[in-house]
Amino acid sequence: MHIDVIGHGPALVLLHGWALHGGVFAPLVERLAPHYQLHLVDLPGHGFSRDDSTPLALPYVVAEIAAATPPAVWLGWSLGGLFALHAAATLPQVRGLAMIAATPRFVRGSDWPDAVQRELFVQFGTELSRDYRGTLERFLALDTLGSAHARSELRSLRETLTARGEPAPEALQQGLSLLERTDLRRALPQLARPSLWIAGQRDRLVPAAGMHAAAALSPHAQALTIAGGGHAPFLGHADQVSEALQRFVASVP
């Protein structure tokens with residue numbers, strides 16, 4: 001699995017979202033690298049890990065990342081948040097958890113109302129096999145929908161998407177399955193590490209209310225909503241997100 005290591009200081013592992021790669025965090029890298037050693041992961045089937053055949057399953061991927069990185073705060077955006085949360089719940093080397101536009105459960109349920117309908121991910125999976133590039137384009141548009149900086153964020157995501165080659169279709173299907181089926185809520189009350197939950201006020205994929213609900217289930221948690229932010233608030237609101245991350249990491253024992 002490809003992992004870029006940039007900067008010096010306390011270690012921070014960054015995990016990207018569906019269909020993208022570690023390069024998507026460029027605005028955060030610019031602001032955080034002077035202060036931290038950043039470990040930017042390309043998940044299997046994505047970016048420079050496109051040919052990595054490791055199944056996109058939480059235990060396998062987390063174990064491989066943990067073996068290649070030092071004790072660190074783990075940050076997960078969107079799909080990457082599931083891997084980061086699983087790591088925080090199972091590995092002592094995870095010092096803290098930062099979730100950006102990610103919750104333990106991405107789909108709506110009778111006891112989890114602030115999420116999207118399951119059919120959204122099922123539909124993307126069906127369309128992916130028929131129209132690969134068109135489906136990716138529609139997902140990127142959903143990532144930025146509602147954001148105060150939607151146009152510039154969409155342009156950035158489009159440029160990033162194929163900068164390291166196209167993601168593997170099999171990995172994309174596995175990722176959609178994770179988003180559709182994973183429910184890690186039971187792990188939250190037992191989280192021994194501090195956590196930070198950063199939501200976008202206008203996020204159409206992961207409503208801010210869902211992130212605040214997840215934080216409320218977690219001990220040692222704090223939640224922050226980025227005004228005007230969409231599903232990728234670290235793009236259009238990089239200063240605010242990076243400042244929140246620096247305050248959080250500084251508070252982690």
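Even glycines carry a Cβ here, placed using N, Cα and C.
Taken verbatim from Swiss-Prot:
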type     : residues                                                            : note
BINDING  : Trp18, Ser78, Leu79, Phe139, Leu140, Ala141, Leu142, Asp143, His231 : substrate binding site
ACT_SITE : Ser78                                                               : active site, nucleophile
ACT_SITE : Asp203                                                              : active site
ACT_SITE : His231                                                              : active site
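Sequence features, as recorded in Swiss-Prot, placed on the structure.
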residue: Trp18; record: substrate binding site; Cβ neighbours (10 Å): 25
residue: Ser78; record: active site, nucleophile; Cβ neighbours (10 Å): 27
residue: Leu79; record: substrate binding site; Cβ neighbours (10 Å): 24
residue: Leu140; record: substrate binding site; Cβ neighbours (10 Å): 23
residue: Leu142; record: substrate binding site; Cβ neighbours (10 Å): 17
residue: Asp203; record: active site; Cβ neighbours (10 Å): 26
residue: His231; record: substrate binding site; Cβ neighbours (10 Å): 28
Residue pair Trp18 (substrate binding site), Ser78 (active site, nucleophile) - Cα distance, angstrom, rounded: 7
Ser78 (active site, nucleophile) versus binding-site residues Leu140, Leu142, His231 - nearest by Cα: His231
Assigned conformation of Trp18 (substrate binding site) - DSSP reduced to three states: coil
From Leu79, Leu140, Leu142, His231, the binding-site residues whose CA lies within 10 Å of that of Asp203 (active site): Leu142, His231
DSSP three-state assignment (helix, strand or coil) for Asp203 (active site): coil
